[in-house]
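Notes follow once the structure below has been shown.
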Amino acid sequence: MVAAQDGRIAQEPPPSDAALAVRGLTVSYGEKPAVFSVDATFPAKTMSAIIGPNGAGKSTLLKAALGVIPRLSGEILVFGKPIDQARDRIAYVPQRASVDWDFPTTVLDVVQMGLYRKVGLLGRLSGAMAARARDCLARVGMQDFAHRQIGQLSGGQQQRVFLARALAQDADLYLLDEPFAGVDAATERAIIDVLKTLQSEGKAVVAVHHDLSTVRDYFDHVFLINVRRIAEGPVATTFTAETLQATYGGRLAATHLDELAVAGGAQ
Amino acid sequence: MGAEFVQFSLTPILIGTLAAIACALPGNFLILRRQALIGDAISHVVLPGIVVAFLLTGVVAAIPMLLGAAGAAVVAVILIEAVKRLGGIEPGAAMGVVFTTMFAAGVLILEQSDTSRVHLDVEHALMGNLESLIWFRADGWGSLLDPVALASLPDELPRIAIVCAMVVALTVLFWRWLKISTFDEGFAEALGIPSAAVGFGLVLTAAVAAVAAFDAVGSIIVIAMFICPPAAARLMTNRLERQVWWSVAFATLSAVLGYVLAGYGPLWFGATHAVSAAGMIAVVSGAILGLACLFGPHRSRIGIGRQDAA
């Protein structure tokens with residue numbers, strides 16, 4: 001585990017050092033804010049998890065940071081630059097359930113969508129780029145499915161295709177919205193392997209994550225949110241029974257908290 | 001197939017085909033975005049625009065009618081977006097509210113104003129006047145090279161040809177934006193593709209196609225062509241590129257076969273009068289959709305794979 005290896009990550013680094021820095025972000029769908037005045041800093045070269053109960057604004061935080069949904073206020077810096085100057089450095093994996101998998105397209109086609117920033121609106125897809133898309137499919141173990149219609153895949157396979165599309169973006173910051181939701185164990189393993197490889201290559205990974213029991217295994221850094229920021233920092237010091245209690249309120253059973261605390265103590 | 005065909009059938013068939021293609025192309029993306037009803041909506045909302053244009057100018061002329069219809073379509077698109085966003089309701093409901101209201105307003109204005117001396121009525125709005133778009137000065141295929149004869153082509157032909165060419169050009173030019181933002185709007189936004197503008201542009205293009213087609217062939221064809229050829233095409237293939245080609249083929253087949261069947265079909269069965277070409281074109285497109293549902297190679301996907309639709 002490489003969490004907080006140099007002690008620098010424990011402090012709030014200045015935004016220019018961070019892969020993704022969010023300052024004063026507020027998003028509202030109606031009258032009630034979904035995310036309120038949130039500061040968040042996701043360090044470079046680190047696996048970070050965004051954690052919180054349902055409706056706490058985890059996905060909203062991610063989408064608003066990307067500009068997918070409008071924000072009422074807030075500043076977003078990606079490697080110290082405004083997001084619109086850094087889009088080439090970001091890869092995004094939306095929630096699998098957010099698209100219609102009946103769409104008439106093939107697995108390879110979806111992966112090639114990740115090459116859009118390189119190809120442009122009218123550019124031709126070069127042979128090298130097509131080969132790159134196939135390579136990305138192979139990295140998630142889906143090379144044999146290149147010409148399948150995407151609706152014929154299982155949930156786990158669909159998630160792998162989305163990850164391959166993000167790999168094709170060849171980014172420095174990977175943002176994933178619930179990458180493990182509804183996938184089989186083998187896929188979860190395959191996805192985490194790919195993400196760890198990315199981290200070892202110096203990329204930053206930020207994932208909205210649901211399963212509290214795997215946080216310590218998968219991530220180095222956590223951001224706890226319930227509309228407002230509750231806590232953020234290295235998993236070892238920030239992912240505690242107290243912060244979880246503060247994030248989930250009464251919704252998390254005491255026994256569950258104890259288990260997580262024990263798991264933490266064993267580390 | 002000689003002089004008579006060129007004079008009486010060539011131009012209506014061309015106009016019908018171009019109108020069908022102009023509507024079917026955006027229809028592909030509309031059905032994939034679950035906005036197929038927008039074609040229906042547009043063909044309803046143009047009525048008040050046309051009536052108001054007539055009241056303002058006092059004539060039934062192509063340009064004011066087109067402008068009035070286009071204005072009404074734009075008003076409707078803005079209203080639909082406004083109702084959808086401000087009310088926070090789904091697009092289908094927003095369209096239903098807006099187009100019903102605007103169509104009712106159009107009928108009301110039509111009833112209250114004196115249009116009895118002009119050719120502006122509900123039948124014209126529904127069926128258009130495809131059969132009357134004949135090429136008087138043509139006397140055979142040679143007329144295609146005769147500038148004098150070409151000058152007397154019905155105005156509707158160059159108009160729908162220009163609109164159709166524009167729709168084709170926009171579809172080719174913005175293909176990647178359309179494809180990515182139709183499949184995954186959030187991902188498209190993250191890539192820096194202006195998804196909302198793409199969606200708006202698509203609806204606007206559909207509106208222009210609908211108004212141009214409405215002028216020549218009436219709203220029945222418009223409604224049918226937005227939905228039937230693309231829906232049938234979806235059942236023929238699992239590739240968007242091929243789906244679009246199939247939809248163009250089905251639109252063309254519907255227009256040609258529908259016109260021929262309307263003109264000659266009843267005679268084969270001993271009837272003495274032809275039937276409405278616009279109506280028959282719509283019927284043929286519906287029959288093609290029916291056949292695609294029964295025999296299309298990818299029909300098995302209907303109704304399954306929906307568990308992931310959020």
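For all residues, glycine too, the Cβ spot is worked out from N, Cα and C.
Taken verbatim from TrEMBL:
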type: TRANSMEM; residues: B:6-25; note: transmembrane segment
type: TRANSMEM; residues: B:37-56; note: transmembrane segment
type: TRANSMEM; residues: B:62-80; note: transmembrane segment
type: TRANSMEM; residues: B:92-110; note: transmembrane segment
type: TRANSMEM; residues: B:160-178; note: transmembrane segment
type: TRANSMEM; residues: B:190-214; note: transmembrane segment
type: TRANSMEM; residues: B:220-237; note: transmembrane segment
type: TRANSMEM; residues: B:244-262; note: transmembrane segment
type: TRANSMEM; residues: B:274-296; note: transmembrane segment
Counting Cβ pairs closer than 8 Å, which of B:6-25, B:37-56, B:62-80, B:220-237 has the most of them with the transmembrane segment (B:274-296)?
B:220-237
Might you confirm whether the transmembrane segment (B:37-56) is in contact with the transmembrane segment (B:220-237), defined here as three or more C-beta pairs under 8 A between residues 6 or more apart in sequence?
yes
Among B:6-25, B:62-80, B:92-110, B:190-214, stretch most in contact with the transmembrane segment (B:244-262) (C-beta, under 8 angstroms):
B:6-25
Could you tell me what the rest of the chain brings near the transmembrane segment (B:6-25), counting residues at least six beyond its ends with Cβ under 8 Å?
39, 130-131, 133-136, 138-141, 143-144, 153-154, 156-157, 160-161, 163-164, 167-168, 171, 206, 209-210, 212-213, 216-217, 221-222, 225-226, 229-230, 244, 247-248, 250-252, 254-256, 258-259, 263, 277-278, 281, 285
Who are the chain neighbours of the transmembrane segment (B:37-56) in space, where the CB to CB distance is under 8 Å and they lie at least 6 residues beyond its ends?
23, 27, 30, 64-65, 67-73, 75-76, 80, 92, 95-96, 98-100, 102-103, 105-107, 109-110, 113, 115, 118, 120, 125, 203, 206-207, 210-211, 214, 219, 222-223, 225-227
Who are the chain neighbours of the transmembrane segment (B:62-80) in space, where the CB to CB distance is under 8 Å and they lie at least 6 residues beyond its ends?
38, 41-42, 45-54, 56, 91, 94-95, 98-99, 102, 155-156, 159, 200, 203-204, 207-208, 210-212, 214-215
